[in-house]
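TrEMBL has this to say about the protein:
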DOMAIN    68-344  domain 'Integral membrane protein YccS N-terminal'
DOMAIN    405-528  domain 'Integral membrane bound transporter'
TRANSMEM  21-37  transmembrane segment
TRANSMEM  43-59  transmembrane segment
TRANSMEM  66-83  transmembrane segment
TRANSMEM  89-107  transmembrane segment
TRANSMEM  114-132  transmembrane segment
TRANSMEM  138-163  transmembrane segment
TRANSMEM  395-412  transmembrane segment
TRANSMEM  418-435  transmembrane segment
TRANSMEM  440-460  transmembrane segment
TRANSMEM  488-506  transmembrane segment
TRANSMEM  512-534  transmembrane segment
């Protein structure tokens, strides 16, 4: 029985199932109320209220969920009453809807919480217009929508209390899956039979973007649970997993070598295969950690990885004794892999938990996604009021779309259900063209299938009980597929609306074909907006994203040098700097990827942009390799010769990186870099056969950064010429 309950809890109740439970229970409760009290005419408003509550559901602590629920209900009330009032005056709805849309979208500048609630409020206004009739009492629709949203909010809170950590466990599992994929992509660099470096860099860049996304999701869900006073021990356990994943990522993303040199030296030795094998086993280990998290089990590290690592170290020692060139560099790679192996091996150990708890309060400041204080909120919104802001362009586009859809309804004298045009356009119109095009196709296909199946239902004449059961099923499936497959979710929400209309006595049989045409009109207006109203391709700013990436890289290097010089401390500031550089390079990658979608418009920039992206990733890898040695900073203070050259030259390198970013002293930069490289090379040659191996590795890493900067400068200059 115990095993059955465990299987039911962790295998059957997946993350998506748990997320769907509140909507399933809520719709069933509403259906039960409608059936028992014979309130069929109110079914539509109640169901739409439940759906609206689900749309604004955010993962948070119990206290945070209560606050979000209260804020959502207040916003829904204002939105519904505003729509009801303006609809009663006919044409007043057009300017009111357009203005409120712009304001609600711009609230997204404050943070995810306000963005989600604002979008839900916009949807509530559209829902109100769908069920509005002139003869209905002014507060009726609002009351029913709020009741449905309240039911969902209470049920969602209860489900959260039953499964407080399942969402964060799943997010953390996804992070380890992404980490495993990254390690697998990195292991391909050690394949001696594949020298397509560009393809490997592209695969690694994609894997890196996935890591950033999953780590952000994990960070948000985890640190929400650290804000309360009574923190569960399980949360601290998951926090250790999160920090371990970050440390593994830092080690894995570091680069200690130039790949053409790697192939030349190791191509005919067993070392290439051994390096690749160790990384592949560590990738598998990360996937096993993810599986353990999903099943609520303790992770047991396999001895295969340690055995493969020991074989690598033995082979490296063998080749070093026989004159392997730059053996200390390959040894540093092996030490990096040993550190990752050690992290995976101790992930379940309680050592260091007290230190983690001391850092919890500091670390929770990483979660500051939402801006606090009225003045700061207004400043955040004001800073986005420029056409270079994607949010601002989306607000303008969506406002125009809302106005156009409402105008079509008024001009064609359609009934309230004609606002399906508006509902379609609001859901389809996304901040960028690619996402809108994808949703447009899925929306049309889902609606066509929904109309077809809805048409067939007319011949079955189901009872009220069967209709309410169908509402529960379609509503749950809509929510289940809402994120993973928009086409399926559209199909099920179309069926839900038709059945709800029939239950409410609003003539579903006459709404089938009109809804199909409404969908086509709404999607057409959304496509027109993203294609011709401030289209994104005109605002893809490679220069701004490149500058942000290089500035963040310089800040990251500054933090690393400071910790190497003064000691391993201030983890919060360091982690923020590391996250910033990864987020910026991910944004740069996204811009270049979007440019690939418009090859004719960006033909010139695409000649050098992919190489520029590869160089920035390489720079990040070299910097991360330095960061991997922060813990050993205490060993460096005793080496006076090393400190005299490394930290002075390191600060010069940071200053030169800033100069390259700002395009200052362009002519003197190559000479400065040559002088730094000569000094570092002299130190390396002097201490090659003895002395501090760690110092040699760090000097070699700084020298590799120095040797990369001339290439970076040439590419930055190309970007400048393109911009001019």
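Keep in mind that glycine also has a Cβ here, set from the backbone N, Cα and C atoms.
Curation plays no part in TrEMBL annotations; they are all automatic predictions.
Break the domain 'Integral membrane bound transporter' (405-528) down by DSSP state and the numbers are 101 helix, 0 strand, 23 coil. Only pairs six or more apart in sequence are counted, and the transmembrane segment (43-59) with the transmembrane segment (440-460) gives fewer than three Cβ pairs under 8 Å, not enough to call it a contact.
For the transmembrane segment (440-460), the most Cβ-contacting stretch among 114-132, 138-163, 488-506 is 488-506 (pairs under 8 Å).
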